[in-house]
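Participant: Below are the structure tokens for one structure; questions will follow.
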Ligand SMILES: NC(=O)c1ccc[n+]([C@@H]2O[C@H](COP(=O)([O-])OP(=O)(O)OC[C@H]3O[C@@H](n4cnc5c(N)ncnc54)[C@H](O)[C@@H]3O)[C@@H](O)[C@H]2O)c1
Ligand SMILES: NC(=O)c1ccc[n+]([C@@H]2O[C@H](COP(=O)([O-])OP(=O)(O)OC[C@H]3O[C@@H](n4cnc5c(N)ncnc54)[C@H](O)[C@@H]3O)[C@@H](O)[C@H]2O)c1
């Protein structure tokens, strides 16, 4: 596979720059980029690369990546971890750091994350702390990681106190989003990532939401629409990250749909058989719109339109669609209160005035949330 | 103890600024600062503090610190770890991070490291990664940590591949060096820290080395000389750190004596019953001077003077003083080659042209080191 790729003409790629001063980097988006990874990564000037992947992705793509790197003069070593959220643990951090050190990665060398958000978050964190920081490259292999987790430099693992509570801000040196790799992604994961694509339209880009309604089939089918959706999502996320790298301000808008979504993930104990992150986000996006409509902030028609689009691609939008149940209103409220976005006890929400018109609402009264959730679980009157 | 301290007049302190732009902070040095810690830390504007300490230091000082913080309106929680180098582990990192999260430390809050370099390195690293970074305060309780490890922002833990190989650059928000706390420090630890004090004179401050020769008794006895020695050491280290925060350049001068020293620590398997870090540094400093003299770079008289001063305070200066032996010349060379300061395979040494005249020598030929070590282990001819 790699031999052929190496002789192929350069894959055409869309480049999205992330202008973060001395931490600036490019995201390249396009089909076939894996075959050129060696050339592009070698240009960063390292002598060795530790490839971190998982046991689903590794067998599909790690050998091709290693061959491409080695053809370009980099020494490689590959570390494959079990797939799944449980891999974002202290134990895996130790395993990856020690493997990276065993691979004699020095300060000018690289860690390459080849996988979804789990691998990217973990490998990025390991890169941030091995020798107090080595560079890393993201090769995201899920739609979610191509449009979200590989951009912005948030890395980390989970603690028993909650998700992503231990980590570092560590920007990659390069992101290669090969959209062809998504061909092997299970449909359910594809849909979950798509929830984040839609989110960018809902945050501040109504034209992109229109585009999604018209072009989602091409995104799923793998046509040029897929590259365009990934690139546009990266542009959106990069713009927010550049304004607020360390999440002190309006980077919080990226959490649209996530306050409800995280609560559901917590309630379902991060059991991906029941709910994956993007499904929680899809329900959360629909709820953020319905909640905003209930508060009189946003038109009911917008809420219905958002829900209709998410449902069209096969995403859940209602609490009743959580397999195995979602507990009581109090369970949801409690799960929300544990969220790390609670500052000084007050509930912060991302609400909307319409499609593409989100804003940060601080001090949202808990009883308004309670009343809304009560309505949500009451079977709707005919 | 704290009640009295709270009514006492302000302890007189020497302040050493560390001007690192938006990461600038002050080091305060003086006897009795622990009693004022609450007031000084509250001024940083946090609402809660997690105190990290060890089981030797905790029983002596943690209650006084907690009381002082609470009197100044901060909520506290204390985490005490077993003393010793083995505590700088992944397992302890997990324990501290989870305890800090359990203490509901949010992004505006603080971690306070109360202990020696082990506690400071570990707690600082935990602060760097909990919620992707919370602030931390160093209250160093060993001479080594007051003059060295608490200044400069290097934090971390050990890996099975070597010491301090996993960590972060994370500057403290404040350092309180209460020199009175050293009264309870075992003499052996006091001496070990003193090796680092001497080092600053040897690097680039011959007048300070003169001062040390004249005033070391006061440093050990706890007179005003102790405060002066700590403050002057912090000034020296701060100056280097400000020039080279991330150790890309002449921060390496701080490794004077450490290439030999680390090799001995590795050979003695970091068994502090045999050799503590500062003892390794003392032998390493003496060796760096003898090696420089052997290379014709430095006057033999300077090497003898350095050795005489280290010996006067009770520090070892010769390989033969390593209890339990130091192995063969090859063992030492191999231990050196594993040092993380090896870049691209070449041996980097800090050498000297005299007292206070150190420099970075890259590509020191291994056979010169071998010949020198051979000489060192040959019983000296009368
Ligand atoms: N850092 C950030 O800013 C950020 C943002 C959003 C989400 N995240 C994190 O991302 C994680 C979720 O990421 P994810 O959704 O990519 O999950 P994931 O990494 O678990 O991948 C989902 C599944 O797809 C498999 N897979 C990946 N690529 C494949 C491919 N090309 N072909 C076949 N199978 C493939 C994986 O092995 C896994 O089983 C969560 O831990 C979340 O916290 C981080
Ligand atoms: N971060 C840096 O820049 C840097 C620089 C130099 C060394 N270090 C690290 O520092 C560590 C060594 O630090 P250390 O020498 O302070 O060792 P340490 O923290 O192990 O303390 C030495 C011993 O003294 C005890 N102790 C501490 N304060 C005491 C007090 N006031 N009274 C009585 N007992 C007390 C401790 O419990 C311990 O048993 C090493 O891990 C080394 O790697 C870090």
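The backbone N, Cα and C atoms fix where each Cβ goes, glycine too.
Okay, these came from TrEMBL:
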type	residues	note
DOMAIN	B:79-191	domain '3-dehydroquinate synthase N-terminal'
BINDING	B:117, B:118, B:119, B:120, B:121, B:141, B:142, B:154, B:163	NAD(+) binding site
DOMAIN	B:193-342	domain '3-dehydroquinate synthase C-terminal'
BINDING	B:196, B:258, B:277	Zn(2+) binding site
Participant: Check the Cα-Cα distances from residue B:117 (NAD(+) binding site) to the binding-site residues B:196, B:258, B:277 and tell me which is shortest.
Facilitator: B:277
Participant: Of the binding-site residues B:196, B:258, B:277, which one has its Cα closest to the Cα of residue B:121 (NAD(+) binding site)?
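Facilitator: Going through B:196, B:258, B:277 one by one, the Cα closest to that of residue B:121 (NAD(+) binding site) is B:277.
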Participant: How long is the line from the C-alpha of residue B:163 (NAD(+) binding site) to the C-alpha of residue B:277 (Zn(2+) binding site), rounded to the nearest angstrom?
Facilitator: 11
Participant: Looking only at the domain '3-dehydroquinate synthase C-terminal' (B:193-342), how are its residues distributed among DSSP helix, strand and coil?
Facilitator: 107 helix, 0 strand, 43 coil
Participant: Through the lens of DSSP with three states only, how would you label residue B:142 (NAD(+) binding site)?
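Facilitator: The residue in question, residue B:142 (NAD(+) binding site), is coil (DSSP, three-state).
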Participant: Given a 10 Å Cβ-Cβ cut-off, pick out the one of the binding-site residues B:117, B:119, B:163, B:258 that has the most other Cβ atoms nearby.
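Facilitator: Buried the deepest by this measure is B:119.
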Participant: To the nearest whole angstrom, state the Cα distance for the pair residue B:196 (Zn(2+) binding site) and residue B:119 (NAD(+) binding site).
Facilitator: 18
Participant: Looking at Cβ-Cβ distances, which residues of the chain lie under 8 angstroms from residue B:142 (NAD(+) binding site) while being 6 or more apart from it?
Facilitator: B:115, B:116, B:117, B:182, B:185, B:189, B:193
Participant: Note down the number of other Cβ atoms within 10 Å of the Cβ of residue B:196 (Zn(2+) binding site), including every protein chain shown.
Facilitator: 26
Participant: Across the record's NAD(+)-binding residues B:117, B:118, B:119, B:120, B:121, B:141, B:142, B:154, B:163, the largest CA-CA distance in angstrom?
Facilitator: 21
Participant: Can you name the residues of this chain that are 6 or more positions from residue B:277 (Zn(2+) binding site) yet have a C-beta less than 8 Å from its C-beta?
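Facilitator: The answer is B:117, B:144, B:192, B:261, B:265.
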Participant: I need the neighbours of the Zn(2+) site defined by B:196, B:258, B:277. Which other residues of that chain put their C-beta within 8 angstroms of the C-beta centroid, in sequence order?
Facilitator: B:144, B:148, B:195, B:199, B:257, B:261, B:278, B:280, B:281, B:284
Participant: I want to verify one value. Collapsing DSSP to three states, which class is residue B:121 (NAD(+) binding site)?
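Facilitator: Its secondary structure by DSSP: helix.
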Participant: Tell me, what is the mean pLDDT of the domain '3-dehydroquinate synthase N-terminal' (B:79-191)?
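Facilitator: Reported value for the domain '3-dehydroquinate synthase N-terminal' (B:79-191) is a mean pLDDT of 97.
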